[in-house]
């Protein structure tokens with residue numbers, strides 16, 4: 001807010017009547033001053049309230065800040081412009097005033113003045129006639145010449161200043177330095193200005209030369225340079241120069257404009273430290289704190305204003321009034337208004353507008369309306385800010401009829417609504433379904449110069465908020481609709497909103513009507529629309545948009561097609577996805593990394609691992625494509641599922657060399673997939689590296705490593721790893737099954753039994769897999785009593801036998817030559833409903849061979865074919881072995897030759 005200077009009589013505060021009474025003696029500032037510090041800029045009036053009230057304040061006398069700084073040796077030139085700029089909003093339009101008052105000169109026609117006039121020449125611009133000037137020229141004459149040049153020519157002023165230096169005219173000459181600092185400030189030659197100020201340090205009474213610093217600070221405030229102005233102020237304090245009112249006023253005005261609270265607090269504290277009273281500084285500090293909602297700090301400043309016996313001026317009253325209104329403390333705000341008028345100030349439209357806005361903020365519109373009607377009774381007429389505040393207030397109160405009434409009155413009086421009013425109205429019209437009103441409001445928006453893109457954003461926001469986005473096509477009529485069809489930005493905003501809310505038909509309709517031409521932008525827009533559908537799960541809509549795109553433009557776009565492949569994959573339409581990929585491939589479009597990732601995942605989800613591998617081979621041929629961490633993990637999983645151990649090993653070392661960042665998921669994936677492809681030392685090193693970097697292996701990783709170490713008979717590592725897994729709390733049934741199997745294969749029955757007990761102790765039931773391991777271990781070691789005991793325990797438990805159990809029994813009984821037991825197991829297997837599988841048949845053929853039942857063994861092969869179970873190499877190998885065991889060499893040779901011919 002501007003800075004006004006009024007002489008205010010101060011009287012004590014009457015607490016019963018809630019009025020502030022002040023006497024002429026500032027020492028009578030009341031102790032019971034009932035004001036809590038509140039701060040704010042005058043937002044209540046939407047920033048236009050100050051300018052709208054100038055007609056009320058035309059007759060108020062404004063004292064320049066320069067009168068407070070009459071110590072200034074240069075006619076307070078550095079101070080007056082600051083005060084004028086700060087008070088212009090309240091004192092009326094001063095645009096006709098020249099910027100630099102100090103440039104106006106009037107020489108009396110005495111002998112000295114005539115002598116000065118003879119020293120100037122005019123060669124396009126005023127300069128000094130150095131041939132006529134004498135080194136003995138008086139200091140007063142030199143300063144007069146410099147002053148004249150400063151107002152006319154910066155270059156010539158600097159030139160003459162250098163002449164004065166050469167002729168010893170600058171020692172102790174603060175006036176000359178101040179004048180040249182004005183020039184340097186305008187030219188922003190700050191380094192030279194700093195050098196000159198440092199020169200002044202050695203002069204006598206330099207500590208009193210505040211005008212030197214005021215000059216450069218003023219130049220900074222004119223340019224809005226907060227950082228540099230603060231630098232000069234800090235330097236001023238470091239050199240021991242005491243600031244004056246003008247210094248503080250300029251700085252606080254600059255800090256208020258830029259909402260720089262830290263520097264404002266610094267300047268304000270030093271103002272009080274030096275005992276300077278600058279009324280506008282208090283207002284600025286209150287304004288900054290209020291704007292930043294630091295209300296407690298604002299209260300402290302108001303208390304300081306009382307302690308410092310500040311004579312309140314209009315701006316002080318207004319910022320306090322606004323501070324209370326911003327907080328909704330309207331009783332205190334009204335008491336401020338009463339006291340302000342009692343102090344001799346005329347009714348002020350700014351004050352009333354502030355109160356109206358304050359009541360609107362707390363939804364007390366009856367009180368706001370009462371103030372509005374009171375304006376005429378006190379000789380004030382509502383201005384545009386009054387109407388605007390009423391519109392906003394009724395809008396907050398959700399009263400469309402009243403807001404609409406004041407909006408119409410605003411227009412009837414010849415005022416224009418601001419963007420806030422229009423935003424309020426369009427929101428109410430969207431909520432209450434006034435389509436015709438919305439169309440008129442949109443016309444008003446365009447009438448006041450609002451940009452179409454901004455209007456569209458407001459409309460979409462308003463109708464989205466009330467869930468009526470489907471109404472938007474009905475209110476976008478005429479020129480607005482034409483603009484949307486012609487303007488790419490507005491067009492894209494609207495179709496994106498339509499797609500977001502499932503209005504794909506409206507989107508397609510608008511796409512058919514577009515009038516702009518930009519193929520690159522259009523492709524990008526289609527891609528965004530399709531991606532938006534994908535993210536919101538509207539996959540069918542994405543297909544519609546894609547089909548529309550292909551109808552109007554058959555050119556294949558890599559990004560759009562890749563996204564559609566991904567969408568078809570999610571929909572499970574793998575044939576459509578593959579068709580798009582093949583189109584890309586045949587068109588010669590080269591896939592990028594993302595495209596390859598999408599196609600690979602498509603084939604993986606479709607179960608076509610071989611096709612996925614072929615795509616990866618094509619990708620490897622393109623040396624410029626470097627997979628990211630996600631694609632690397634996909635490749636690892638694919639090669640693992642395809643059991644491509646060589647590729648896994650090669651890929652592992654490729655990942656190591658790629659320089660990508662390994663996270664926890666990458667370590668787990670590499671260990672899980674490459675466990676059987678890597679040397680044991682490399683695998684162990686990767687695991688130790690993972691632990692060293694603070695990553696936690698998951699359960700699968702621990703189980704895979706337990707299996708690898710167990711098969712390698714590294715039981716010490718198995719125990720260490722198992723304990724580590726328990727420490728991390730990731731041990732599961734599979735972990736126990738794995739170590740039980742490892743001990744079983746190594747015939748370590750003691751540790752195997754101990755693992756079974758620990759499994760039960762940890763709350764796990766003995767699993768079917770564990771029972772199968774025990775049966776296999778004891779059976780192969782021909783401990784048949786143990787075998788039968790385990791079998792009985794398993795049948796009593798909840799774990800019923802599976803194919804693997806029956807196959808173990810057939811194998812063990814067959815190895816013993818117990819054909820009757822084998823027959824019983826086969827019968828039980830068939831009665832269980834499971835029936836023999838490939839492994840069962842292979843085991844039976846082996847058992848029949850041992851038992852001398854060759855014909856039955858050959859019959860099993862025929863039975864397999866009859867049940868559509870395709871014999872494998874193990875089947876035929878077991879059959880040939882059975883025939884040889886039973887001296888059927890000729891038949892064995894026939895089967896061997898047949899296997900060779902079939903490539904088995």
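Using N, Cα and C of the backbone, Cβ positions are placed for all residues, glycine too.
Between the listed ranges 35-54, 55-74, 75-94, 95-114, Swiss-Prot ties the annotation region 'Disordered' to 75-94.
Here the repeat 'PPR 13' (628-662) has Cβ contacts under 8 Å with residues 593, 596-597, 600-601, 604, 609-610, 612-613, 616, 669-670, 672-674, 676-678, 682, 693 of the same chain, all six or more residues outside its ends. With DSSP states grouped into helix (H, G, I), strand (E, B) and coil, the repeat 'PPR 17' (767-801) comes out at 26 helix, 0 strand, 9 coil. Helix, strand and coil residue tallies for the repeat 'PPR 1' (173-203), in that order: 25 helix, 0 strand, 6 coil [DSSP].
Long-range Cβ contacts of the repeat 'PPR 9' (487-521) within its own chain (Cβ-Cβ under 8 Å, at least 6 residues beyond either end) map to 452-453, 456-457, 460, 464, 469-470, 472-473, 476, 528-529, 532-533, 536, 538, 541, 544-545, 548, 552-553.
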